[in-house]
Structures are given as structure tokens and as C-alpha cells.
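J.: Just passing along the structure, written as C-alpha cells.
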Amino acid sequence: MSHSACPKPATARHSQALTGEIRIPGDKSISHRSFMFGGLASGKTRITGLLEGEDVINTGRAMQAMGARIRKEGDVWIINGVGNGCLLQPEAPLDFGNAGTGARLTMGLVGTYDMKTSFIGDASLSKRPMGRVLNPLREMGVQVEAAEGDRMPLTLIGPRTANPIAYRVPMASAQVKSAVLLAGLNTPGVTTVIEPVMTRDHTEKMLQGFGADLTVETDKDGVRHIRIVGQGKLTGQTIDVPGDPSSTAFPLVAALLVEGSDVTIRNVLMNPTRTGLILTLQEMGADIEIIDPRLAGGEDVADLRVKASKLKGVVVPPERAPSMIDEYPVLAIAASFAEGETVMDGLDELRVKESDRLAAVARGLEANGVDCTEGEMSLTVRGRPGGKGLGGGTVATHLDHRIAMSFLVMGLASEKPVTVDDSTMIATSFPEFMGMMAGLGAKIAESGAE
């Protein structure tokens, strides 16, 4: 069932200073992988801080359908895994709802099993191209039956024995890299991924943590060679999932834009492949203090203290895109309140997200009085400090949670209110968003709930 069955519009209004302390729900990338690797490993995995959005729960259900036992006791998720190489053929198609990450990673995980696995998703996910993950799987011997353009619904028919491959990732995509590495788990010999541009590396770090024989070498040109030896043993682990930097972006930018704000955000994942937004905002003049940086489960974590700041426009280097691809919509909101021009380039990946995210952002900005130019792969925003004259529009979210949250943040600081046409799908990644923002003092109301 798609989220648009009964849309719930929401409106954000100019708010007084946002203040308080919050802990962001767990990182989505790490949450997906915790369920997957815990379900695959031998023995018991215990997870705290898991993001309980619909996307991640769908990944958990898929692992259950293939033999993993998953239960929740208090705040802890406990998984009894099947053991590497021992997943069972699911009886029914695996339904991933809106979750591109869950679907693509699971295709890699199960593709090399000698079994038949079918994948389905909601209307939005069924439009998204899966070829980038399916092509390397085909090289490994997997047969694919898919809807036109390598889209879902699709079925994978695994080979008797998969071939290990060396695969050069043609675009900066952590999902493609991860899918090939996961396919390598059940493949004899060494599977290699060659990655010219580094992307988020949670798969590598976590697989090593679960005991996989995985090595990473970076050559003199900065190209990463990631090798995994197949058919090894994975052992259950204890994981405390740090706060999601992509979700952190919304209260963080809101605190920068709403006058007089002072907000502390606890336990945020600071993995260097994910901090592009914080770096960019600091270049724009944002007052973001990084407190108590520490290591947790092999990942960098810190607390952030954010105070309202006067921002100035910057040119964002295109090579930073992989480390902040999900944050461009909310960066565009920050840029709308900055003095001068902000140029964001290298955004081709945004065209194939939950919506054509680049077009959706540009239309939303225009509807709310922002002077912006949309290019083939770029967005240029000319800001209005203080948000004078901004707002007053309704934004088409196209079932995209990040578009909805970004424009609700805009309405907190713009002169006139901003309305989004639907807010139900925010639950896919950040179910606590509305309550958490209200707790800081944000004026956001679902329409009809004034």
C-alpha cells in the first residue's frame, strides 16, 4: 500500500527560538545493515538505538522470511541468525515498501543463493531503476526476471555456484558496492569491488566487525580496492546504532535559521563519508560546535551544539556530493536564507531518488518565493537573509520524506507559512520528527489539527 492512500498536509509557521536537547533516531544505513548482518550471522545479535522506521522494519521482515528469528525485548532487538550461506528461500515475495536501500542490499545478499527470490515495493520504489545492482549480479551468474527497465516487481534466480568477480563501480553508489560485497559473502573465492570515489563505508566496517575476511586498500590515485573472501563465518555482535546524520540535518538547519535558537543534538554519527553537510554549513558561517567526539562500534560519534547563525552563500565542491547526497534538499533551504549565491553541482544522483529530488526542490523553492536556477545536474540558490518575503506556497512532496521535512523546516523561519501536500511518508525515515520539532518549540501542524 502506498503512503498516498490518505495524504496529510502539514503547515509550518514562523517560530520563536528553538531550544533544548534531542537524541536523533538511529542511522538508517547502519540500522538496515544491523538487521541484515545479524540475520545472516551465527549466534545472537543485540541492537539498541535501531531506527524503527517502516523502511528498516521491512528489511527485518525480509530477513525473518529467510529464516532469521527477530524479537524485541524492551529497547533491545535480539536476532538469532541463520549462519552465512544458510538463508532459506522465502515463501512469498519480499515487500520492501519504499526502501531502496533495503531492496538493493537484499538483492545482493540473496542473489548468489541457489534459490528463487521475488521483490516487490510501493509505487515510488517500483519506478526506481535496479539495473545498477542487477548488472554485477548477472556477471556472477544470477538470472533476473524484471519489469521493463530493470524495475520491480522482479525475481532473482541464483546459480548453483556463483562466480567471484572484480567489479568497478560505474557511479558513486554505496548501494551498488554493498550489493556486490554481500553477493560475495556466499560466493567461493575472492570478490573485489573497485571504487574510484569513496562512498559511505558502513558495509565494510560492519562486515569486518561481524568477522568477515574483508580488506580495503587505497592505491596512489585514491581508488579503493575492497576484497571479500566468500563463504566465511560471521558471528553475532552487540550494536548501539548512532543517530542518523541525514535526519540530524533537519533540526540542525532549523536551529541555524530560527533566530535565537540554541539546540544540542546527542549521539550523532560523524563518519567522514557522511559529514559533508556539516562541513558545508560551517563554510557558510554556521555556529556548530562538535562536542565529545568518540568512537562507538568502530564509528565516529559526537554531540552537536547548534546556534542560530547568519549564513553566506558558497560554492559546494561537486566531489562532496556522495557524502551529503540526501542533505541537498535541506541545504537548499539553508541557502534560501543565506546572503548571496549558493551553487550546488554534481547532483545527477538526485534525479533517481524517491522522487526527481532536484526538480522537486526547485519547484518547492519557486513556490515559496526563492530565486533559484535548476541546471541539468546543478541548483543555484540566491538567498534572502532573514527570510523576508519567503514562504506562502504549497509544496508537492511526490511521496518523498526528505522534501516534506526540508520545506517544513523552511516554514519555521520564513516570513509566511509553508505547507507540504503530504506528511505521512515522513514515518519512513523519521517517525519522531513532528514530536521532536514541537518539543524544541517549532510550530508545525498537520492540516485539520490546528
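Each residue, glycine too, has its Cβ placed from N, Cα and C.
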J.: Which of GLN16, GLN64, GLN143, GLN175 does Swiss-Prot put in the same phosphoenolpyruvate site as LYS28, GLY100, ARG128, ARG357, ARG402?
T.: GLN175
J.: Given a separation of at least six residues and a C-beta threshold under 8 Å, show me what packs close to LYS28 (3-phosphoshikimate binding site) in the same chain.
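T.: Listed in sequence order, they are LEU51, GLY53, ASP55, VAL56, THR101, ASP244, SER246, SER247, SER429.
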J.: Could you measure between SER29 (3-phosphoshikimate binding site) and GLY100 (phosphoenolpyruvate binding site) for me? Cα positions, answer in whole angstrom.
T.: 11
J.: Compare the C-alpha of ARG357 (phosphoenolpyruvate binding site) with the C-alpha of each of the recorded positions ARG33, SER173, GLN175, ASP326, and give the closest one.
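T.: Checking each of ARG33, SER173, GLN175, ASP326 against ARG357 (phosphoenolpyruvate binding site), the shortest Cα distance is to ASP326.
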J.: I need the nearest neighbour of ARG402 (phosphoenolpyruvate binding site) among the recorded positions ARG33, SER173, GLN175, ASP326, using C-alpha distances.
T.: ASP326
J.: With every protein chain in view, what's the tally of Cβ atoms within 10 Å of the Cβ of ARG33 (3-phosphoshikimate binding site), excluding that atom itself?
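T.: Other Cβ atoms found within 10 Å: 26.
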J.: For the C-alpha pair, I'd like the distance in angstrom between ARG128 (phosphoenolpyruvate binding site) and GLN175 (3-phosphoshikimate binding site), rounded off.
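T.: Cα-Cα distance, ARG128 (phosphoenolpyruvate binding site) to GLN175 (3-phosphoshikimate binding site): 13 Å.
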J.: Just the number: how many Å between the Cα atoms of GLN175 (3-phosphoshikimate binding site) and GLY100 (phosphoenolpyruvate binding site)?
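T.: Taking the Cα atoms only, GLN175 (3-phosphoshikimate binding site) lies 9 Å from GLY100 (phosphoenolpyruvate binding site).
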